[in-house]
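Encoded as structure tokens, the structure appears first; notes follow it.
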Amino acid sequence: MINREQCLAWDKEDQLSKFKDHFALPEGVIYLDGNSLGAQPKSATQLAQQVLTQEWGTDLINSWNTADWWGLPTRLGDKVAQLIGADAGETVITDSTTLNLFKVLSAALNIQAEQFPDRKVIVAEKDAFPTDLYIIEGLINQIDKDYQLKLIENNDDLSKHLESQKVAAVVLSHVNYRTGYFYDMAEINAEIHANNALVIWDLCHSVGAVPIELKQSNSDFAIGCTYKYLNGGPGSPALLWVNPKHQNRFWQPLSGWWGHQQPFEMAQQYQPSQGIRRFLCGTQPIVSMRLIECGLDIFLATDMQSIREKSLKMTDLFMQLMQQECSAFNFNLITPEQHHYRGSHVSYRHEHGYAIIQALIARGVIGDYREPEVLRFGITPLYLKFVDIWDAVQHLKEVMMHSEWNNKKYQVRGTVT
Ligand SMILES: *Cc1c(COP(=O)(O)O)cnc(C)c1O
């Protein structure tokens, strides 16, 4: 049996516990939604003040040079690179994950069209985050050259499609946003490449959550959010990585001036920049982008191996406590129990999932709900304590024992769920 004292003892010996102090979190809240919107680094308040007062307010347009606003996409990209197993000059921070998928998928299809013109299949997952599927659909409609989207449910489906030798590109979520299933990147890349297809990894639920080796595993393209585990702030621009072997082979179709080789020559014709900058489009949301550095600097002061270790210990603890304390309430675990296939959140299905999450939020335990019937609890080792997991499960037990969820006010759906 695990008890609260045991959890407090683990907190005492936890090497990462000191990082909690770098984050602004309200009193009385257990935040289990850092996989959807990361907590605010305390340093963001001061930096925001500097950006508004000094850089924008006083230095005005000079800040493009004096504060290096122009260099932000690559400067921040080089910092993120250290968390995803990439080298400097291979990553940019720009636009959204959704837009970045359009860019890299276009590049992948064009590269493939040169060498394998008959390959017209794009493979993606049935339970991918929908924006990925919508963008693939949209791109196929746009290029209208008999491309087809094939949806897979598991690895066997993937293998079958790959064996058909028709696959141009595969789009996969490194960690599934709903179940937390975590792909073995190196193994999947090897299989995809053995069949001459290219891979695009969506890192939204893995960057900042698990160690990533894009280069060592020979990935082709990657995209991902910075506002989730990386604590970049609501809607902060996303990452885009391209393996250097592909970078100059094609320019992406959103060929705006920020990706031009000589943007200030104001030339009439587009000439793509060499390297990763060609994946930029136009002017970036500088105020938002500027604050991403706060979260990244915290990550760079630690290491992904320690974060992973604590994350697994915490997801294990969550699962064990659910069995120990809540086994009477029909929660069905949908997250893999095997560490090798588990990301950094834990999800359960329950028929009253939505109302249960609302009742938990009323108690200060913030998790979230995803259709269908999924309760999702994000584990962010830099600002969660082991005792938070204990307390969260106790709150859940109370919600269930007293049927607190069974109240009309917890059925009301907000615009954003
Ligand atoms: C959160 C998330 C996105 C969101 O994309 P935006 O362009 O930032 O809205 C995309 N893909 C996955 C897998 C996600 O989890």
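The backbone N, Cα and C atoms fix where each Cβ goes, glycine too.
Site annotation for pyridoxal 5'-phosphate in TrEMBL covers THR97, THR98, PHE129, PRO130, THR131, ASP132, ASP202, HIS205, TYR227, THR283, and the matching candidate from TRP56, TRP257 is TRP257. Across the fold, the C-alpha of LYS228 (N6-(pyridoxal phosphate)lysine) and the C-alpha of THR131 (pyridoxal 5'-phosphate binding site) stand 16 Å from each other. For the binding-site residues PHE129, TYR227, the largest tally of other C-beta atoms within 10 A is found at TYR227.
Long-range neighbours of THR283 (pyridoxal 5'-phosphate binding site) (same chain, six or more residues apart, CB within less than 8 Å of its CB): TRP258. Of all the binding-site residues listed (THR97, THR131), THR131 has the fewest other CB atoms within 10 A of its CB.
Ligand 1 lies within reach of ASP202 from the binding-site residues ASP202, TYR227, THR283, judged by a C-beta closer than 6 angstroms to any of its atoms. LYS228 (N6-(pyridoxal phosphate)lysine) counts 26 other C-beta atoms within 10 Å of its own C-beta, drawing on all protein chains shown. Under a cutoff of 8 A between CB atoms, and with a sequence separation of 6+ in the same chain, the neighbours of ASP202 (pyridoxal 5'-phosphate binding site) are THR97, LEU101, ALA128, PHE129, ASP132, VAL171, LEU172, SER173, HIS174, ALA222, ILE223, GLY224.
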